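What follows is one structure encoded as structure tokens, with my remarks underneath.
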Amino acid sequence: MRALLPLLSVGRGWRVGAAARPPRRVMSLYRTEELGHPRSQDYRLFFKHVAGHYISPFHDIPLKADCKEEHDIPRKKARNDEYENLFNMVVEIPRWTNAKMEIATEEPLNPIKQDIKNGKLRYTPNIFPHKGYIWNYGALPQTWEDPHLRDKSTDCCGDNDPIDVCEIGSKVLSRGDVVHVKILGTLALIDQSETDWKIIAINVNDPEAEKFHDIDDVKKFKPGYLEATLNWFRLYKVPDGKPENKFAFNGEFKNKAFALDVINSAHERWKEMVMKKCDKGAISCVNVHICDSPFHCTMEEARSLVESVPTPSMNKESNVEEEVWHFLRN
């Protein structure tokens, strides 16, 4: 294992010999540390609690934004409807960017990394008129779409990932941000016969957030956005030679109440997974804050896990794909 000093002074720079990039504070409780270059296959973005210890963004950040952090699975508290609708979102991909970043579900502490396909870094294509992702894209922590459980609404099993979130606020967020969002609705994408829920939400700190309470408010105040969202998800794999994606409910966006049921169900499945009550497959459930989980580790063990990550090369790959535009016929 390498010493911590090289990890901080070498691994965080944009190039060899660069000054260390200090951990970036995220909201009030979380910050991030970069290991390697963002355009390299060994790039990792690790999460730390503001107290200084490493955590998993998948397992250690509470699902509910009003939840007190305890060394246990967070328990719900009675709140009014608006307050009950506040959730934490982990931002993986900022709006207008193309790099397919994601929580590494199979790696200890689940850092964010760029997806790799056929040995190359994966970029989402620009399909005219959209540049990259048209929302801030990320995930709800402490949720899991179980690949062994058939969804009663879609009749398809889950995609083995945390639930995805499309944040529609006006601000472009940063990779690794942890923001409080209001849930507005959901879209059920069927990807290779798997259910892949897309939650529509808005950052509570967005200037327009007070106007949005349910999916119909998106239609009212951001006309065309839901249609663009549906079209984006239908077409984004076409430039790779794949067919258009399909949707449950004929592509209908479901309302907030429906979305909350989807989230609650995925949270219950996550609880079973992190307590080793179901088959988790290759997913890493290593966590720091859930003391009664069989996968719990100490803060010192979490630090050792990060220190044991091989020193990354600072070589970056070409990102030509980000500049290519695709024009598709109707």
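Our numbering is plain: 1 for the first residue shown, then up by one each step along the chain.
Backbone N, Cα and C atoms are what each Cβ position is placed from, and that goes for glycine too.
According to Swiss-Prot, the protein has these features:
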- 1-27: transit peptide (TRANSIT)
- Asp159, Asp164, Asp196: Mg(2+) 1 binding site (BINDING)
- Asp164: Mg(2+) 2 binding site (BINDING)
- Lys211: N6-succinyllysine (MOD_RES)
- Lys219: N6-acetyllysine (MOD_RES)
- Lys254: N6-succinyllysine (MOD_RES)
- Lys256: N6-acetyllysine (MOD_RES)
To the nearest whole angstrom, what is the C-alpha distance linking Asp164 (Mg(2+) 1 binding site) and Lys254 (N6-succinyllysine)?
15
Say you check the Cα of Asp196 (Mg(2+) 1 binding site) against those of the modified residues Lys211, Lys219, Lys254, Lys256; which is nearest?
Lys254
Counting only residues 6+ away in sequence within the same chain, which have a CB under 8 Å from the CB of Asp159 (Mg(2+) 1 binding site)?
Glu145, Pro147, Asp191, Glu194, Thr195, Asp196
Tell me whether Lys256 (N6-acetyllysine) sits in a helix, a strand or coil according to DSSP.
helix
For Asp164 (Mg(2+) 1 binding site), just give me the three-state DSSP call.
strand
In whole Å, how far is Lys219 (N6-acetyllysine) from Lys211 (N6-succinyllysine) when you measure between their Cα atoms?
12
Candidate with sparsest Cβ neighbourhood (10 Å radius) among Lys211, Lys254, the listed modified residues:
Lys211
Mg(2+) 1 site, defined by Asp159, Asp164, Asp196: further same-chain residues with Cβ within 8 Å of the Cβ centre:
Glu145, Gly158, Asp161, Ile163, Leu189, Asp191, Glu194, Thr195, Trp197, Lys198
Between Lys256 (N6-acetyllysine) and Lys219 (N6-acetyllysine), what C-alpha distance do you get in Å?
13
Alpha-carbon spacing, Lys254 (N6-succinyllysine) to Lys219 (N6-acetyllysine), which is rounded to whole Å:
12
Cβ neighbours of Asp164 (Mg(2+) 1 binding site) where a neighbour is any other Cβ within 10 Å:
22
Sort out for me which one of Lys219, Lys256 has the most neighbouring CB atoms within 10 A, since those are the modified residues we care about.
Lys256
